[in-house]
């Protein structure tokens with residue numbers, strides 16, 4: 001009997017507004033059948049007959065745009081089906097401008113024990129420029145009220161290399177994060193994605209972004225200052241105080257299987273990567289067990305490549321023994337030449353049969369990852 005995954009992702013696709021950089025599965029909430037969606041989400045969850053989970057993540061979209069009643073309905077239905085004794089981490093994403101006292105109370109009274117706030121920047125002018133509707137003051141207010149409600153495991157997302165952003169602005173954002181004394185932060189370099197406002201502006205020559213060198217300088221500063229303040233740089237974009245690393249996201253980077261539940265959600269079950277129907281109305285019409293629009297049975301080649309791409313994102317890297325036990329092949333035969341080349345370029349370490357990236361490797365991640373693409377003749 002196949003072992004069931006220990007993690008589940010739930011997708012809430014609704015947003016009160018669309019940010020200029022976002023390409024996630026989302027839809028403006030006005031006029032949407034949100035109550036019906038919550039019920040359909042619950043039905044899909046129940047169809048898996050899950051009894052135990054170690055981590056849960058509710059993301060979006062914007063989960064915090066749900067009313068207190070809608071959120072309570074979802075959280076209660078999830079909790080009723082699970083053995084909460086084995087649930088270690090339950091994260092819900094929120095926007096600083098959406099967190100009402102009623103929503104915070106529902107979160108505090110539930111099994112949720114981690115909140116992820118989409119801050120992006122503390123600079124009000126930049127917030128407006130990237131299409132965010134909250135303000136710096138609302139960030140402080142949300143954090144204060146979450147702490148008062150008993151949440152200590154709070155993480156925020158920040159984006160750097162934004163249009164018109166200077167090094168001084170990045171330093172200010174990191175300093176303000178440190179002043180909040182939160183245990184975790186995810187810092188992402190802006191990536192332009194298709195079908196976004198920013199990509200459309202870029203194609204018309206209307207977007208002024210920091211240079212690649214400036215982007216690298218920003219990342220180096222971030223790594224340095226957070227390390228000096230005790231944060232473990234445990235993944236390319238993630239920094240946590242000891243014990244506050246994201247258990248759920250480590251599931252992804254460890255290339256473990258997980259349930260993906262909701263419109264547009266992706267999952268990984270029994271060696272199959274799948275994606276659910278994206279448009280909300282299409283998702284609602286499908287039966288609970290028939291919501292997938294795409295399935296990909298991963299070849300051994302694809303599984304090995306993903307193991308390297310995902311594993312090397314972690315500071316802890318890839319254990320050679322674990323790799324060989326999982327794939328029943330010689331790591332040295334597959335990747336010996338590439339490892340030697342990357343070590344000589346000071347992009348990788350080989351530390352007692354644990355392959356992991358240097359700080360320089362983190363900066364040039366894609367250059368490292370592409371070295372682990374395999375020719376078909378290897379299998």
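Any Cβ shown, glycine's included, is placed from N, Cα and C.
S-adenosyl-L-methionine 2 binds 61, 62, 120, 157 as Swiss-Prot records it, and from the list 132, 145, 201 the residue named for this site is 132.
In sequence order, 116, 117, 118, 119, 120, 185, 186, 187, 188 are the residues of the chain that are 6 or more apart from residue 157 (S-adenosyl-L-methionine 2 binding site) and have a CB within less than 8 Å of its CB. Distance noted between the C-alpha atoms of residue 132 (S-adenosyl-L-methionine 2 binding site) and residue 60 (S-adenosyl-L-methionine 1 binding site) is 15 Å. Confidence for the domain 'Radical SAM core' (1-232), expressed as mean pLDDT, is 92. Spread of the S-adenosyl-L-methionine 2 binding residues is 15 Å (greatest Cα-Cα distance among 61, 62, 120, 132, 157). Of all the binding-site residues in the record (15, 61, 62), the one with the smallest CA separation from residue 93 (S-adenosyl-L-methionine 1 binding site) is 62.
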